[in-house]
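Colleague: My questions all concern the structure below.
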């Protein structure tokens, strides 16, 4: 079979991994039991650490994570209009399409020579790594806390936006369909932020650390400010615009602390992301009951909920900015 040459080596990798994450994320919508299986995404981090050069990693991760949001959105919109059997057939068929694309892009004889998957091995190969090293490292905790803060506000939007729009801003069934807009904006902004971050790295005037800190600051401080404004507006359309901008800016984290895993732990990026993702799942557990308690205690007012999310984001940004590094620690 003829090889497909219209993509660069790293672009092929990013395209295939992004399509795989699209399928994986869509499957999570139609098959919730797949949600706990994050090993799939974890492996991408280690793979990218060894196959994507530093100056292209920001946009690589932005495409990877944006494809996940697109997959969830597409499945959420399409599946209600299909029979349950058709959902499995269609998204299962995408898996076979992915295998065909892999064979076209990387035929059996492409693993050597000019079409081989490029490897960018770290200068330092770390040995004798203990689990304590993943827990006691200050730079890693900067990443973990930033991830936790990002997910705190994201889970509030995910779990409570329809309830808030219906109960406080007079949303109806039609207007609630607009709650998909923030996730579309999130995907678009994520890709843009990745290209911007790599552009800054390419200019040679920005260090990797400064770019990671900049994009994380945008991804945490920006949403914090827009959520603070969002909670005081009483216009439905304006509220959708504000929360969409908030979610869009949050996507900058893909070029910030989420990309930072492969900087600080290139040999163990999958493991550090697994630890980070586990900690960042805590907001998904707590946001529901905490939000309900705060709204109940405030006689139906949501000010403390969104100002609390603002505080968490600002705290996460400060901790990351003052404790992050871009040199290998593991």
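The backbone N, Cα and C atoms fix where each Cβ goes, glycine too.
Summarising the annotation, TrEMBL assigns transmembrane segment to 88-106, 140-161, 181-203, 224-249, 269-295, 302-321.
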Colleague: Of the stretches 88-106, 140-161, 269-295, 302-321, which racks up the most C-beta pairs under 8 Å with the transmembrane segment (224-249)?
Modeller: 302-321
Colleague: Cβ under 8 Å, sequence separation of at least 6 from the ends of the transmembrane segment (302-321): give me the contacting residues as numbers and ranges.
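Modeller: Distal contacts: 141-143, 145-146, 148-150, 152-153, 156, 160, 164, 168, 213, 216-217, 220-221, 223-225, 227-228, 230-232, 256-257, 291, 294-295.
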Colleague: Please give the sequence-distant neighbours of the transmembrane segment (269-295): residues at least 6 beyond its ends with Cβ less than 8 Å from one of its Cβ atoms.
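Modeller: Distant Cβ neighbours of the transmembrane segment (269-295) are 38-39, 41-46, 48-49, 134-135, 140, 143-144, 147-148, 150-152, 154-156, 159-160, 258, 261-262, 301-302, 304-305, 308, 330.
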